[in-house]
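Participant: So that we are looking at the same thing, I have put the structure below in structure tokens.
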Protein chains: 2
Amino acid sequence: MNAHVRPPRLTDGDRLWSNLMTMAEIGALPHGGCCRLALTDEDRQARDLFVRWAREAGCEVSVDPFGNIFATRPGRSRDAAHVLVGSHLDTQPHGGRFDGVLGVLAGLETVRALNELGVETEHAVTVVNWTNEEGVRFSPGLTGSGGFVGAIRSYDTSAISGVGGVPFYPELHRTGYGGSTRLTARIAGYYELHIEQGPVLERAGVSVGVVEGVQGVRWLSVDFTGEDRHAGTTPARDRRDAFMAAARLAVDMRTAALALDDAFRITFGRVSVEPGSINTVPGRVNMTVDLRHSEVSHLDRIDEAIRREVVALHGTEGVEGTVERLMDVAPVRFDPAMQANIETSAAELGIATSRLPSGAMHDASNLATVAPSAMIFVPSRDGISHNENEWTDPIHVADGCEVLARAVLRHAMGDMGPH
Amino acid sequence: MNAHVRPPRLTDGDRLWSNLMTMAEIGALPHGGCCRLALTDEDRQARDLFVRWAREAGCEVSVDPFGNIFATRPGRSRDAAHVLVGSHLDTQPHGGRFDGVLGVLAGLETVRALNELGVETEHAVTVVNWTNEEGVRFSPGLTGSGGFVGAIRSYDTSAISGVGGVPFYPELHRTGYGGSTRLTARIAGYYELHIEQGPVLERAGVSVGVVEGVQGVRWLSVDFTGEDRHAGTTPARDRRDAFMAAARLAVDMRTAALALDDAFRITFGRVSVEPGSINTVPGRVNMTVDLRHSEVSHLDRIDEAIRREVVALHGTEGVEGTVERLMDVAPVRFDPAMQANIETSAAELGIATSRLPSGAMHDASNLATVAPSAMIFVPSRDGISHNENEWTDPIHVADGCEVLARAVLRHAMGDMGPH
């Protein structure tokens, strides 16, 4: 039997945990969660604290027109591309202590580790806080990273709507984070450490997940129109029951999706049945479908199957159906060399990993459109997120951060090889 | 080829039609329907008109403590049992011109026909208007007939609730129909002519339906509790999707019910899915089930199948389910001799009939618990009722009334034989 010699840790898991708990006091909720909606006073306090900590770690701080904060530890050459590390400090209304904030503070911990190591890297390492990832106060979400990659144009006030009626740019300036310094450096790579928000890693007993990409998301709205009829007097053959059509569609399409790939995710989240009377055959149903998969071809196949079945249901149930596509976001694939780099770091530490897709969108989804990108997941207890009960154990936080720091270090030293 | 000689008609279809159209002016709606909710001023006007017409036809009119109006054409002996004929003058909020009122006015036309025939019957013939059949303003519906048969005790104010908050007895007295004369005569039989409110007779091309009974009705409420989860991050095997459980229950139970008997009627009319977000796996569903069949054993079998499947879905979908019974009304069988009497009348006239169950409850459901009872249905165009578009052709109205009158005459003459 070989006893592996573990290398010393570069990062301080306790310090990171302490930072997370300190940050969690801003916008703290009664049951352990946080409410720091983007560009509220709580978000401003969180940003101020991050900026203070970043400056204490020797970083140069700049803010761009979307309020994204860049905290840079310079590299050997001013001209070399930056390695970016980050996530977001804003939360859901009943959010947890980890979603987003972990990636930002682990980036900061990485910078501190590099400082303590006394290393000068080839590439600058820049920690980023992206604005309004959650999309609660302003729509669309992923606003800051979307603006950074050019998906949203700055000062196009029609592009970002205030969900509560409060406009984006005035709130940005009110909180003091309406900047003008764009990060113009090339990006060698973008790393984002995040909680999984699902149960896969916990069930696998693995503390670090290497994210292969982000599933594509397609949203459909299906309307069925039959006829309201008396439940007592209308025989089965004379019914045009919109709910039976909807129920058959749901059952059959879940079977079809999971037969194609048991990793397929299909959800009928909003189902409205009218007129909603116990003794009336329902004449109208609206139902949404959320389809997620890593392959566009798989999304296409189920999308087409739904449309075919809606037509078939006209024949079998006498119900007219229409399908409208509400949203379509292509799958993202993360950089293979960066995924391998993360796995190398974990292997050095003897930390087991597994590869998995991300079911949710992240700022890395945007970054991947302009630069090599990768994500690291750590387990979420019971897969719970967007909830005050969201929790990740300290050991997983520490492992994830250490793997991140080693990957960033190698990348920033230029040891990744050409790609 | 034999040419059948048709006997002359006893009733005047044109006069009945004219009465129906006159009555339809009370509470007339813009698209041809009527709104005469029980014990409103419109209902009072309709009652006043009926009482006037009944007195003009020589009837003795009395009103009982439930506001039921009895218009009696006396028979040979004061002691002989009465033959009752009737239905209700109240309507749904967007009701039609036929539902209920046809049965009352056809009873009146029967009395006129007996007068014109100059016949003295053995039994008295009493035309009845039952109070609040529809149950829109006061609950439960079928109030007057329920009170008459003793299912509701008079002046038990807790037994009848005002749906709009208006109490029953004060409204009864306000409109002048709080009577005190109970009909104490024995009942030889109760006949009710009504529109089908379904599509069976129209599709069969038959103008008169002989109703075998009223289907039993059982209402269930099914609650499923799973877990709200992120639609993107939660794999299929980790979901506890309350809507998928509900959809499977609906599809499987319809299949089971129709396999048992294709006359089974099963409706999932009210389906509420929470939290109702496109990208959240639904954690809670409440769904109602309306089961109707003529055999209690069939209702029992599907009721039990639902409970078994709800348990099974806990295993397959991880969703907890509970089933509550909201209502249970036993099936009613109408009197065989009276059904045969109706068929004899139709045969004399060369009118084709078919037997069918009633899917909806009627005042005859109550009467059948205390006296031999029977119903005659005439076709509803497109099966539509409780709707301003409700329609029955004049020929069907005339045929139904003539069959009724002949059946009542034979019964009132004591020619039915012992039963």
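Quick reminder: no glycine exception, Cβ is built from N, Cα and C everywhere.
Annotated Zn(2+) 1 binding site per TrEMBL: A:HIS88, A:ASP99, A:HIS194, in sequence order. Taken from TrEMBL, the feature Zn(2+) 2 binding site covers A:ASP99, A:GLU134, A:HIS386. Positions annotated as domain 'Peptidase M20 dimerisation' by TrEMBL: A:214-310.
What does the local environment look like for each feature on the list?
Facilitator: The DSSP secondary structure for A:HIS88 (Zn(2+) 1 binding site) is coil.
DSSP classifies A:HIS386 (Zn(2+) 2 binding site) as coil under the three-state reduction.
For the domain 'Peptidase M20 dimerisation' (A:214-310), the model gives a mean pLDDT of 96.
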Participant: For the binding-site residues A:HIS88, A:HIS386, work out the Cβ neighbour count at 10 Å and name the residue with the minimum.
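Facilitator: Checked A:HIS88, A:HIS386; of these binding-site residues, fewest Cβ neighbours within 10 Å: A:HIS386.
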Participant: Go through A:GLU134, A:HIS194, our binding-site residues, and report the one whose Cβ sees the most other Cβ atoms within 10 Å.
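Facilitator: Its Cβ has the most other Cβ atoms within 10 Å: A:HIS194.
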Participant: Distance between A:ASP99 (Zn(2+) 1 binding site) and A:GLU134 (Zn(2+) 2 binding site) at the Cα atoms, whole Å?
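Facilitator: Per the Cα atoms, A:ASP99 (Zn(2+) 1 binding site) and A:GLU134 (Zn(2+) 2 binding site) stand 10 Å apart.
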Participant: Helix, strand, coil: count each for the residues of the domain 'Peptidase M20 dimerisation' (A:214-310), based on DSSP.
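Facilitator: Summed over the domain 'Peptidase M20 dimerisation' (A:214-310), the classes give 37 helix, 32 strand, 28 coil.
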Participant: Give me the sequence-ordered set of same-chain residues, not including A:HIS88, A:ASP99, A:HIS194, with a C-beta within 8 angstroms of the centroid of the Zn(2+) 1 site's C-beta atoms.
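Facilitator: Neighbours within 8 Å of the Cβ centroid, excluding A:HIS88, A:ASP99, A:HIS194: A:SER87, A:PHE98, A:GLY100, A:VAL101, A:LEU102, A:GLY103, A:GLU133, A:ILE195, A:HIS362.
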Participant: Quick one: of A:ASP99, A:HIS194, A:HIS386, which binding-site residues have a CB closer than 8 A to some CB in chain B?
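Facilitator: Checking chain B against the binding-site residues, the residues within range (Cβ-Cβ under 8 Å) are A:HIS386.
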Participant: Tell me, by DSSP, whether A:ASP99 (Zn(2+) 1 binding site) is helix, strand or coil?
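Facilitator: DSSP assigns A:ASP99 (Zn(2+) 1 binding site) to coil.
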